[in-house]
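Quick notes on the structure that follows.
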Amino acid sequence: MIKKIGVLTSGGDAPGMNAAIRGVVRAALTEGLEVMGIYDGYLGLYEDRMVQLDRYSVSDMINRGGTFLGSARFPEFRDENVRAVAIENLKKRGIDALVVIGGDGSYMGAKRLTEMGFPCIGLPGTIDNDIKGTDYTIGYFTALGTVVEAIDRLRDTSSSHQRISIVEVMGRYCGDLTLAAAIAGGCEFVVVPEVEFSRDDLVAEIKAGIAKGKKHAIVAITEHMCDVDELAHYIEKETGRETRATVLGHIQRGGSPVPYDRILASRMGSYAIELLLEGFGGRCVGIQNEQLVHHDIIDAIENMKRPFKGDWLDCAKKLY
């Protein structure tokens, strides 16, 4: 019988993490459970830095970006001895289960704790939208709005100077954020990691656009695919058009979460408590076709595949 739970946020922050913490805390308290907040993710868990949370601890948090519990990278958590200390800290505090909010690295930590016998529930909190078993992640829609706003602003200046602009978008090895932003921002070209990239093919497409009378263009590209400054130099050399690269960087992670992220985070946080009370552990929560779902966290990480939105790419190309 679960009486006390812990909650932490891990990895890169995402808008809506505070709303998810709030959802977990208030749903747990409504069911008569105690909640311990763990500072700075798995690092704080290892160092036994925790605080008891009540309803007022999460007041005025639903609209705040970031995570008030903090987050940290802690690669040492791969060590089984380190995880054993973490589990001992949880048991010492009387914590029966753990809710982890974060991306794929955070899920891996929850998976390893689960394999060591400690029940965990994972909530997908990342702007990258790269988590298996869910259509959307907490923070994705807010980041999408931020990226599209940046593209709109770049279009103003690009059109004024008849310039080609390259926009580097976060996403790690998933092109969802780039692709959605390219469609919503009316980008002329989009480059994502799911599709083989050739800079010469891109230049050929840009030249074809110029031949049709296009005066400026915006290229959206997912991070890690190439050096965007070098790409800009190459495009300018080959086309004769001034080309500049903009790396949006960590601004994409900040800001007050949009309503959908607040709703998604609240629903997922509450659902995590439902699952724990029903005796589930070692699960990850997702939303598919607007319905909350849960999957075995080990199976999700090791076996599930995340479909690429090929139809979205087809749409983007038709609208170039």
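Cβ atoms here come from the backbone N, Cα and C positions, even for glycine.
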For the ATP site that Swiss-Prot assigns to R73, F74, G103, D104, G105, S106, which of G12, G16, G23, G171 is also named?
G12
Looking at substrate and its recorded binding residues T126, I127, D128, R163, M170, G171, R172, E223, R244, H250, I251, Q252, R253, figure out the farthest C-alpha pair and report it in angstrom, whole number.
32
Those binding-site residues, out of S59, R73, H216, that come within 10 angstroms of T126 (substrate binding site) at the Cα:
none
When a 10 Å sphere is centred on the Cβ of D128 (substrate binding site), how many other Cβ atoms does it contain?
27
Which of R22, K212 (the binding-site residues) has the most other Cβ atoms within 10 Å?
R22
With an 8 Å cut-off on Cβ-Cβ distance and a minimum sequence separation of at least 6, pull the same-chain contacts of M170 (substrate binding site), or say none.
I127, D128, A143, L177, T222, E223, L248, G249, Q252, R253
R244 (substrate binding site) to V25 (ADP binding site) - Cα separation in whole Å:
46
